[in-house]
Amino acid sequence: MSVSMSNACLRLQQKPPLVNGVVRFHLQRSSHVSLYRFGFNSNPFCKTQTTRFSKYLPPRLSDERRETQVTTEEEDVQFQRLFSNLNQSTLKRESGSLSSAIFLVAGTTVGAGILAIPAVTQESGFLASAVACILCWAFMVVTGLLVAEVNVNTMSELGSGGVSLVSMAKRTLGSFGVQVASWSYILIHYTLLVAYIARSSGILTNFLGIPIWESATLFSLVLGGICFFGSQRFIGATNGVLVFGLVASFAALVAVASGDLHWEALLKANFEAVPMSIPIIALSFVYQNVVPVLCTDLEGDLPKVRTAIVLGTAIPLGLFLVWNAVILGSFPDTGVAAEKMIDPLQQLRSTSVTVGPFVEAFSLIAIATSYIGFVLGLTDFFSDLLKLQTRQNKPFIYLLTLVPPVVLSLLDPEIFFKALDFAGTYGVLVLFGILPAAMSWSDRYVVSPSTATSSQQLVPGGKVTLSLVMGAAGYVIVSEVVENFSRYLSVS
């Protein structure tokens, strides 16, 4: 492969390594040989390509600099993005918005999980549960960044956007990884969508006075229709409006509910009860399912992806801490056994007539924001898994995503807490805990160790960090299995 570069000759290997848009080549001029590395962080370049010929137009060098470059040297020429998103109608670039990406992460994270956090942290108390929330947030940020890192590297190698978890697992972990990722992903998403529909249909039934099945169908049709018909910008704007409404209703609810706050109750800390709450707390911070969508929307720009993940999850962290403080401070004497989990929102709703509407509005918006993110993630996953990425197959993909959760939610309208606990214990920590670290390990040290650089790694610490992530997730999973088995034996 030869490349003409004005007064220079570019020589590439027959199949040059390309990871995160980086390709190493020698630039030979009449007076010297330079070694360039191409990335995608700044200074865009123009590229035209035929079967065997490419032309690159680099930034012009000043005469003074050209004269001084007479020896072999290494330089980095980096570019802003991995590729450009084009509008299929106008064929113009449709760049992703960083603010929309942040809202997408925040909206996906703040879902039904926040409604369940007080129920599972009553026994541990506010201080202990606050520590658990911060640690779970940090853990889930790390795993999300690992997913983004592997996703962008996979897009670079495959030369296409819209790479889902299946392609990432296949490239890094082989067929076994694909099976684990696929079944875990489908199980978790269906389980959580069932929980979201079950909870929202109950709210809509109380508000509209219609049957449960009509509420479930209405909720799925409206939000599913937004995802199906809406453009990238429209969905981002919708998420922004929902997040704004979420914050507004949250502020109003906190203001009303905090009037009778018992501050001394916030000092309670029972760290021995924390492990039982970890699965649902970790579940509440799930957003990794939209990271592939995020990376595609932001055109593989790793700095933007990092910012979107950190800021997008920091907003829910603040909401979770304030929310938990208000609920646990309002009911200081509600210590209940874990097996007798109650819904504190029902208690809060019964305390005052004015609180009820705020509780319903906050709950419905929280579920809606998370529902949109999970629908987008699952449709993208099915498209890649079934190789049905054309526009003609889009209706089938959405039917496969939306219909089964509606049917399952109608079979057991009280499935909310059971679904969350199951998904958090046996799914989230495998799919969004162990698997991202395992894929990153393979990506860094097995698949492409010679081309991976520290600048492409969103999470520092190397093998130590990856080992800690896998070890922590594995410990929680084993502990929960032992605890549930012991509880089963005691009941029997």
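A Cβ is built for glycine as well, from the same backbone N, Cα and C atoms used for every other residue.
Here's what TrEMBL has on this protein:
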type	residues	note
TRANSMEM	101-120	transmembrane segment
TRANSMEM	126-152	transmembrane segment
TRANSMEM	173-198	transmembrane segment
TRANSMEM	210-229	transmembrane segment
TRANSMEM	241-258	transmembrane segment
TRANSMEM	278-296	transmembrane segment
TRANSMEM	308-331	transmembrane segment
TRANSMEM	361-383	transmembrane segment
TRANSMEM	395-411	transmembrane segment
TRANSMEM	423-441	transmembrane segment
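At the 8 Å Cβ threshold, with sequence separation of at least 6, the transmembrane segment (423-441) lacks contact with the transmembrane segment (101-120), having fewer than 3 such pairs.
Counted over residue pairs 6 or more apart, the CB atoms of the transmembrane segment (278-296) and the transmembrane segment (395-411) come under 8 Å in fewer than three pairs, which marks the two as apart. Counted over residue pairs separated by six or more positions, the transmembrane segment (241-258) shares at least 3 Cβ pairs under 8 angstroms with the transmembrane segment (361-383), which defines the two as touching. Annotation: stretch 101-120 has the most Cβ pairs under 8 Å to the transmembrane segment (308-331), among 101-120, 126-152, 173-198, 361-383, 395-411. Looking at which of 101-120, 126-152, 395-411 has the most CB pairs under 8 Å to the transmembrane segment (173-198), the answer is the stretch 395-411. In terms of C-beta pairs under 8 Å, the stretch of 101-120, 126-152, 361-383 lying closest in packing to the transmembrane segment (395-411) is 361-383. Same-chain residues lying 6+ beyond the ends of the transmembrane segment (101-120) with a Cβ under 8 Å from its Cβ atoms: 129, 133, 192, 195-196, 199, 235-236, 239-240, 242-243, 246, 276-277, 280-281, 283-287, 289-290, 293-294, 297-298, 304-305, 307-309, 311-313, 315-316, 319-320, 323-324, 327-328, 338, 341-345, 363, 366-367, 369-374, 377, 416-417, 420.
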